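Visitor: Before I ask anything, here is the structure I am working with.
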Amino acid sequence: MTLFDLALKNIRRNLKSYSLYIGSTIFSIVIYFTFVTLKYSEDISVLAETSKQISGIMSASAFVLMIFVAIFIAYSNSFFMKKRKKEVALYSLLGVRKRSIGFLLFFENMMIGLLSLVVGVGLGFLLSRVLLTILMKLMGLDIVIGFAFSMDAVVNTFIVFFIIFLFTSMQGYRVIYQFKLIDLFHAEKKGEELPKARLISAILGVATLAAAYWLALQDLMTSPIWRMLSLAMPIVIIALTVIGSALIFSSVLVYVLSVMKKQERWAWKGLNLMTASQLLYRIRGNAKTLTIIATLSATTITAGGAVFGLYYNAEKDVQTYTPYTFMWEGAPQDINPDIIEHAETIKSKTLRIEQDINEMEYAVINQSTFEKLAKNLEWSDIQVANEGEVLMIDAFYDQRWSQREESVMIDGAEFAVAKLYDKAVFNTFTLGASAIVVTDQLYSEIKADEKTYQAVKVEDYKNQFALSEELAASTENFSSATQDYKASIEATGSLLFVGSFLGLVFLVATGSIIFFKMMTEAEEDKAKYAVLHKIGVSRREMRRTIRNQVGVIFAAPLVLGLIHAAVALTAFSNLFMMDLLVPVIIWMLAYTVIYTIYYFATVRSFNKTIQQD
Amino acid sequence: MEPLLVVQDVEKIYGKGANTFKALEHISFEIDHGEFVGVMGPSGAGKSTLLNVLATIDSPTHGDILIGHDNIAKMKEEALADFRRDHLGFIFQDYNLLDSLTVRENILLPLAIAKKPAAEIRERVDTIARTFGITPLLDKYPYQISGGQKQRTAASRALVSNPKLIFADEPTGALDSKSAADLLESLSKLNDEHEATIMMVTHDAYAASFCRRILFIKDGQLSKEIFRGTKTRKEFFQMILAELAQIGGDVHDVI
């Protein structure tokens with residue numbers, strides 16, 4: 001029998017234990033290939049010409065995905081190798097040379113790799129069709145997707161994964177050469193010391209995290225710390241968060257569990273003792289993994305929440321700066337009167353007003369025009385400018401860096417600013433974001449050129465492409481909410497797609513990492529549960545302790561990740577003055593639901609493993 | 001007096017269809033309260049199968065097993081778990097201690113599972129630890145103590161809940177002769193002074209000589225039964241050796 005036969009037989013016989021590893025490699029390939037296909041897709045490149053962000057986002061994301069996939073495969077591979085140490089030890093014991101075993105593993109891994117590549121590319125091809133359709137839908141486009149098979153994507157995927165597999169196969173060699181026979185037989189360490197709980201590092205952990213949160217919530221503009229650290233600030237925050245998370249797992253949780261274990265009233269009841277001591281081992285041993293998962297979850301939730309928030313707010317954004325569907329300079333145009341909700345003719349003069357050192361240009365409208373416009377937009381806080389007063393409109397006003405004017409000089413006379421509106425009463429693109437509302441009398445006295453504008457609000461503004469194009473061609477200084485909405489939804493739609501796609505991949509990966517970990521431990525804990533069974537612990541109670549143990553392992557990084565993300569998103573929404581509450585909660589719920597499915601799957605498999613006799 | 005354990009015509013068949021193997025055949029016997037019974041026989045005779053069936057870890061294919069008034073051959077899984085918890089104690093060859101728990105915690109586990117109050121648990125653990133001489137070890141972890149100490153911990157765990165019946169499966173199998181003698185003497189003392197009922201599977205004639213009665217199994221059937229009666233332990237040991245020689249069992253183990 002040649003080594004080749006042995007390798008082939010090996011795979012065929014151990015298909016079950018291989019399936020987990022093969023499954024995760026195929027998954028990685030499907031994901032990567034799908035994404036690359038989308039990147040190279042002709043439909044997308046046509047789009048890329050119109051919305052330029054897409055190709056940039058796609059390229060950057062493909063790179064992130066590549067690194068991530070490499071780490072994920074390396075992780076599953078090391079998990080897989082750990083499981084097979086005994087088998088390797090047996091070969092070694094029977095006198096097979098290390099070189100031959102190494103070659104066997106290398107060869108076997110390359111075979112699995114090639115097989116997964118073929119299957120993965122096939123599945124990825126199908127999946128990319130589905131995802132492309134979803135992407136188009138999110139971007140609000142109606143394009144029929146062709147069945148284009150991208151050779152570039154195939155080549156790209158093959159090269160990337162060939163390198164990854166070459167690398168993981170080398171790892172196999174390393175395992176063989178690094179360990180002595182005796183180590184191979186005792187792959188899992190026995191009699192590990194119970195972690196000691198140190199109060200100081202527990203306190204340090206909480207303090208580090210609190211510091212990170214506090215820094216993150218500092219105002220970008222006013223905080224002296226931002227001025228001091230400037231660009232290093234985000235790095236400091238991220239570093240503190242990661243260190244804090246690590247300490248939370250390795251010290252704070254350990255400390256809490258130790259204290260609980262010492263509470264005889266609680267601990268000496270049923271299997272609580274068992275749950276606590278198992279968790280103590282598990283959390284200390286897995287602190288690194290849990291930290292990675294918490295960080296990964298936080299990143300996914302933050303990025304996804306932010307992107308989803310942008311998408312969710314796209315319409316609001318458009319309406320803020322383009323409140324009227326169409327606005328242009330010049331005479332009224334012929335528009336079907338059935339769809340018109342409001343149509344106003346606006347007369348405006350332009351004034352240049354000196355303020356401190358700058359000279360600002362303002363569009364000036366009179367009080368009655370302002371009232372008409374504002375009423376159409378259903379404003380509730382319409383104020384009247386009295387003698388000697390003006391109202392100011394600054395759509396871009398931001399109290400953190402905009403200067404608030406108390407008065408303005410018009411034609412040598414000073415007028416008090418009675419009210420400042422930080423929202424636009426007409427489309428900012430056509431008439432500018434800054435405007436002054438003056439009394440009708442003052443308006444007529446101002447000596448400046450007067451221009452005429454038309455502002456129209458129509459029904460169902462999102463779908464008036466034809467009208468929008470028509471008007472754009474025949475008017476000057478044209479602004480269109482229809483166009484803006486389309487552009488915004490295209491850009492944020494693709495962002496949302498990429499964000500959710502990567503988010504989903506990260507989620508599956510974090511779920512799988514915990515799953516792998518727990519399954520390894522289930523295998524190691526089998527004997528313990530056999531003892532419990534003999535002592536007279538019912539299956540029901542065993543299932544309960546497993547539910548609790550797995551629950552803590554799943555919940556701890558999720559909760560921490562959610563809190564991290566909540567802080568990060570609060571900072572984000574403060575910075576961009578956006579209300580993200582609703583989209584972020586939707587996003588977090590979605591994340592938690594999928595994560596919970598993983599939890600139940602893990603508990604199920606754990607129970608199955610320990611009940612095998 | 002009513003016997004504590006009644007085994008009636010128990011049969012255990014492994015496998016299905018044509019490919020079956022009878023591990024136990026027509027086994028019937030009784031054990032009275034306060035007895036110390038040994039089960040001996042060559043490898044593969046069905047000793048461990050018998051113990052597992054009696055200990056409710058495995059279920060018989062046919063027959064009845066009565067402990068007190070309960071027929072454990074007919075009980076459901078959940079009820080069996082409770083029954084094991086409340087009435088049975090186990091000592092295994094490989095100790096089966098939980099690595100992540102201290103000696104004290106290992107011993108108190110059955111009481112915790114039975115949801116006894118913490119004060120009572122503490123008292124009972126201290127008492128049993130004194131009996132087995134492991135009081136100084138209570139806060140150590142299993143990996144910090146020797147094999148003999150582990151086995152005494154395991155025995156303490158088996159006995160802490162005052163079970164009706166204690167099953168020991170080759171308890172001295174992994175111990176050196178000094179530790180084995182210590183353990184057997186402790187069990188013997190418990191049997192004498194506290195009238196604990198013990199059933200021990202062993203293939204070691206020395207260990208078996210501590211028992212009051214020995215059942216021999218061969219090919220899944222009870223082949224012989226001998227009593228110690230008023231004989232000394234040494235005389236009984238010789239008797240067991242003679243019996244083993246006749247059966248052709250593991251005599252070579254004993255030298």
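Every residue, even glycine, has its Cβ placed from backbone N, Cα and C.
Residues or ranges marked as transmembrane segment in TrEMBL: A:20-40, A:60-80, A:101-123, A:143-167, A:199-216, A:228-257, A:290-312, A:495-516, A:550-572, A:584-601. Sequence annotations record features per position, and here TrEMBL assigns domain 'ABC3 transporter permease C-terminal' to A:62-170.
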Visitor: Quick one: do the transmembrane segment (A:584-601) and the transmembrane segment (A:290-312) have at least 3 Cβ pairs under 8 Å, skipping pairs fewer than 6 apart in sequence?
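Guide: When sequence-distant Cβ pairs are counted, the transmembrane segment (A:290-312) touches the transmembrane segment (A:584-601), since at least 3 lie under 8 Å.
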Visitor: With pairs restricted to those 6 or more apart in sequence, evaluate whether the transmembrane segment (A:101-123) and the transmembrane segment (A:20-40) have 3+ C-beta pairs under 8 Å.
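Guide: Counting Cβ pairs under 8 Å (6 or more apart in sequence), the transmembrane segment (A:101-123) reaches the transmembrane segment (A:20-40), since there are 3 or more.
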Visitor: So, do the transmembrane segment (A:290-312) and the transmembrane segment (A:20-40) meet, by the test of 3 or more Cβ pairs under 8 Å (sequence gap 6 or more)?
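Guide: Answer no: the transmembrane segment (A:290-312) and the transmembrane segment (A:20-40) share fewer than 3 Cβ pairs below 8 Å.
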Visitor: For the transmembrane segment (A:20-40), give me same-chain residues lying six or more residues beyond its boundaries with a C-beta closer than 8 angstroms to one of its C-beta atoms, as numbers and ranges.
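Guide: Counting only partners 6 or more residues beyond its ends, the transmembrane segment (A:20-40) has Cβ contacts under 8 Å with 55, 58-59, 61-62, 65-66, 69, 72-73, 76-77, 79-80, 112-113, 115-117, 119-121, 123-125, 127-128, 131-132, 135, 150, 152-154, 156-157, 160-161, 501, 505, 508, 512, 516, 519.
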Visitor: Under 8 Å for C-beta pairs, could you tell me which stretch among A:60-80, A:228-257, A:495-516 has the largest tally with the transmembrane segment (A:550-572)?
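Guide: The stretch with the most close Cβ contacts to the transmembrane segment (A:550-572) is A:228-257.
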Visitor: Restricting to the domain 'ABC3 transporter permease C-terminal' (A:62-170), report the mean pLDDT as a whole number.
Guide: 80
Visitor: Using a Cβ cut-off under 8 Å, which residues of the same chain at least 6 positions beyond either end of the transmembrane segment (A:60-80) come close to it?
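Guide: Counting only partners 6 or more residues beyond its ends, the transmembrane segment (A:60-80) has Cβ contacts under 8 Å with 17-18, 20-21, 24-25, 28, 31-32, 35-36, 39, 109, 160, 164-165, 167-168, 171-172, 498, 501-502, 505-506, 509, 512-513, 516, 520.
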